[in-house]
Each structure stands twice: as structure tokens, then as C-alpha cells.
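A.B. asks: Once you've had a glance at the structure underneath, I'll fire off some questions.
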Amino acid sequence: ILNIFLTYGYETWEWKEGIRGYFYPLLFALMYKLLHLMNYDTVYLLVFVPRVFQALLAAYADVKLYNLVLRWETPDVAKWTYFCQMCSWFTWFCCTRTLTNTMETVLTTLALCFYPIPGSKMHNSWKYLSLVSLAVVVRPTALIVWLPLLFYHFCVEQNKLKLVAQRCFPIAALTLGVSTLIDSVFYGKWILIQWNFLKFNVLHNVAVFYGAHPWHWYFTQGLPVVIGPHLPLFLHGCSLATKKHRILLITILWTTAIYSVLAHKEFRFVYPVLPFCMIFCGMSLAKLQAWRKPAAAALLLFNLIPALYTGLIHQRGSLDVMHDLRQLCDVSDSQNSTELLFLMPCHSTPLYSHLHCPLKLHFLECPPDLTGNEEYVDEADVFFSNPLRWLQTSFPSQTTLPSHIVMFDALEKEIASFLEENRFAKQAEIFHTHFPEGRVGRNILIYTRGSETKTN
């Protein structure tokens, strides 16, 4: 639950992820509707109820991970695995965020508890296959993690026909059928979301529109950063692995290798294998004797620093600025034409979920091109290539100007003449990050037009 109050950092993922599937929008729409019926749909509850829900799921998955290792290994290994999971800075960073990757991680951990791991007598094919199917519906890439695990189960299963015909096929068919029915109802036509996901993100490689990294990025940066200060313990734990741990190691390597083939890479994509890594970290700490307490203390300290910094300080301006803008809802009425213009990179801030009032919002868009036009340039790139020209073209007269402009300070000098000419004054300057880069500045600025220039 503590993690709920540490979600003031880089939350851009939350709103960017909302456009990629129906699961979270549908789930939270039901939550919001319930709050509305109870007359409790305040901004505070709209923001924190989803986080509380996700935090409870993450906490439950952590407890189940401990129970799994307790049945599979010694109590000492289980205790230190749980300690490592609780210390992980990336777990603190992600576990309460409403990302499909987070739900994928939770479902993967729960499914692993019922999976026939070598040496474990506690398994249930119906339960783990149902959870895997749900994880694939939430995010189809969950199948990447589970392919080696499913193949191993098929190889060691004595009654293979029964496993496929009476377990895998019915569960997969039912889950896919329900998913397709829900999607088709909301789209108004028959559609298979899983195929669209594969087609656009893999076959057409549309995801590269949001950035690309070299093939080795997950091995040299991605996974080491996600594991964080646990990395020495993880490597030591891998050296202690026995035959029964081999399938988990293969799954980690397989997942990292497959994601490395895709051009677009993000840290959160390998989050689902982090609990797997924590098992090896727990094995390492359990093996250490004289150095165990110093290693545990160092692990806690070196994880706590990035967890607090990324959760409370780094890139917090995206949320803080919405708190300032929310005050406009109190003074906005039918006679007050409040219009906000966000001149920021795409997905920089939340919008109506953190305002919850009918203000007019305009922001730069960057939808990927789905027509195959090689000369396609999105609106955000057009704007940043020549900000002044874009503003003059988009707002040819005083009557079309917005009442407020929100932007990073990196843009301030480039459009200073436009702001001065149209009598915009700086209303607020909000800290965002100590590490500005590219179009993202150190601070977020709010400019407001003077009352003498406003028109009815």
C-alpha cells in the first residue's frame, strides 16, 4: 500500500498504455461508474482507487510467490526471496501502476504457483492454464514468457493427449471466445484483438514509431537496470542453480532474447520475469553466511534510494501540473471559455482523468501511420520542427487563441515572441526532472493570457 503514495514519478506509461487495449479501460470504467452511482466520483478517488486495486493484487502476488518458494525450496530461501522481492526498486516503481505489464506480471506470478515446477508437488493445470490464458488476453506478449514453460510441461506430461484436449484447448477456446465477444461488442464488428496486436506490433513493426534500440539493449541495459542492485546476487544465484531451476533460467533468457529481436524496447516489457530473477537472488542470500547481513543491508539501501527518487521526485511534474490546472474547474462555467493547449511531447501528462471537469483541452497528437505512407509526419514532429510557424498557422487570430498554454521550459525561448505578442504571462513554474533531455525540460510552465486580451 505504501507504493500507492510513491506514484508521483514517471507516470506517462499509465495514460499511454490506456490506448492499447480494452482491459484496464473497461475495468476502471466499471469502477468509475460505481463511484458515480455512489456520488463519490471525486478526482482523488478516481486517481487512487485503481492504484489501490493494483496494489492489492501486487501484494497478493508477492505473498503467493513466497508460498511457492516455501514449498519448492527451504524456508531460508523463501524468506530471502521474499526480502529481495520487497526490496526491488523496480517492483516499487511499477507494481501499483495501471499498466498491462503490471497485470501480466501479477498473473504470471500467480500462474507459476500452480505450474508443475520440477520438484514441486503443488500444481493444478486448470488453474495455471486459466491464469496464463487471462494474461495473454490482457497482454498477448505474455505468451512469450510462457512458451518455454508450456513446452516443458508438454514434454514431461505423461498423458499429453489429455493435457491438450481436456485442458489447453477448452481453456484457450473459452478465454479467446469471451475476449473476442467483448471486443466485438465494443468495436461494433467482429474483431480479433490478439491478431491485431501481432500484426501491428510485430509484422508491421508499428511500435518502432515510438523509438528503437540496438538488439543487445535488454542484455546490456534493460534487464540489468530492472534487476538493479540485485544483479550480483542474481548472477551468483544462477551459478548455484540445479537441474530443477533450469526451466526458470531458460525462460528468463528466452524472454530477453525474443524481446531483443523487436526494435522498440522498454524496461517494463521484461518486468514479468523479475519475480523469476528474485528466486535466484533469494538462493544467493540464503547461501551467503558471513556476508549475509551486510549484503542484505546494502541491498535495502541501494534499492531504497532509486525507489524513493523515481517514485517521489523524478518526472513528477506531469502530475503536479494537473493539480494546478484542476483549480480551473472550480472557476470554469458557461460564461468562462477556458481552453488549455498542451505544447508537449505526446503522452506527457494525464488529461481528463485528473481534471474530471469539461474543460476544453488541446494537445499535440502522434498516432502511428497505418497507411504505409513513408513521408508521414505526426503533428508533434511538425510542431517541434518549427513551433512559431505552427502556432501562427493554427491560431491566425486573437479569437482562436487558448486561455492557457502548458509546456516544458525547453520550448520557452523558441516561442517567446508569440507569447509576448499575444500577452501570455507565466502563471506557474513546476519542477519536473533533474535530467532534462531533448524536448523534455527541467520544469513545466503554465502561461495564461491577460484579461485585457480575452474576447467573448
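Cβ atoms are placed via backbone N, Cα and C, with glycine included.
Note that TrEMBL annotation is computational and uncurated.
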A.B. asks: Under TrEMBL, which of the candidate ranges 47-67, 68-88, 215-235 is annotated transmembrane segment?
C.D. replies: 215-235
A.B. asks: Report yes or no: does the transmembrane segment (269-288) come within contact of the transmembrane segment (215-235), defined as 3 or more CB pairs under 8 Å with a sequence separation of 6 or more?
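C.D. replies: Yes, these stretches are in contact.
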A.B. asks: For the transmembrane segment (128-151), name the stretch out of 171-195, 215-235, 247-263, 295-313 with the most CB-CB pairs under 8 Å.
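C.D. replies: Selected stretch: 171-195, with the most Cβ pairs under 8 Å.
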A.B. asks: Of the stretches 171-195, 215-235, 247-263, which racks up the most C-beta pairs under 8 Å with the transmembrane segment (295-313)?
C.D. replies: 215-235
